[in-house]
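Written out below as structure tokens is the structure these notes cover.
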Amino acid sequence: MFIGIVSLFPEMFRAITDYGVTGRAVKKGLLNIQSWSPRDFAHDRHRTVDDRPYGGGPGMLMMVQPLRDAIHAAKAAAGEGAKVIYLSPQGRKLDQAGVSELATNQKLILVCGRYEGVDERVIQAEIDEEWSIGDYVLSGGELPAMTLIDSVARFIPGVLGHEASAIEDSFADGLLDCPHYTRPEVLEGMEVPPVLLSGNHAEIRRWRLKQSLGRTWLRRPELLENLALTEEQARLLAEFKTEHAQQQHKHDGMA
């Protein structure tokens, strides 16, 4: 998969290219990340990349010419079929369904804004889609771009150590992930659930699904509103709610 980065701070992406799952993907040749800085396309001796906005107001905008030239260079390197994305608070909010959708593209170009943003005409002329990672303000598009890259890279065959990992991630089926445990079996009096030590894979699968449904109900109930639960899922969720109510009643009685 090819991912081009247009950013004033390409060095930030070493966190993606040199470390962790994405770093291994780059080393294995599964992920090709290249970057272009608008500063390298500035024509003046100060390498200016910002300009004043028409109409006044605080802050500056990214200068049109260096930014467009950097985008054009990224497009030329990517070749036909590259989707150009601008990381923007005005964009579609990234979720697991969106990640899965973006992962079907073999070529992405991510444009990272700075200052107060970019000229609207650049967005209209050069950008295919705008994406956001949440309703809050950041200093630039680099961190959202890294988030997008990390999440999309998990779908590339061979990137994860276990192919089931991406399938079982939180949100992969619209639910939060279930609790996980490793050694020791007892930690400060807290024991690993016996079912996970039983070796009964059918019961383990059932327990994990119940916990996943229950955790979603407790922490992100709005996610369940968009799901058509199977008969098994509905039954397990009902069991979880009953067990949770019993635990709460027991806890309240001890208080």
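Quick reminder: no glycine exception, Cβ is built from N, Cα and C everywhere.
For the S-adenosyl-L-methionine site, Swiss-Prot records Ile133, Gly134, Asp135, Tyr136, Val137, Leu138, and the single candidate of Gly113, Gly161 listed with them is Gly113. Cβ-based crowding with a 10 Å cutoff singles out Gly113 as the top-ranked of the binding-site residues Gly113, Gly134. Around Ile133 (S-adenosyl-L-methionine binding site), taking its Cβ as the centre, 20 other Cβ atoms fall within 10 Å, counting all chains.
By a simple count of nearby Cβ atoms, those within 10 Å, the most crowded of the binding-site residues Val137, Leu138 is Leu138.
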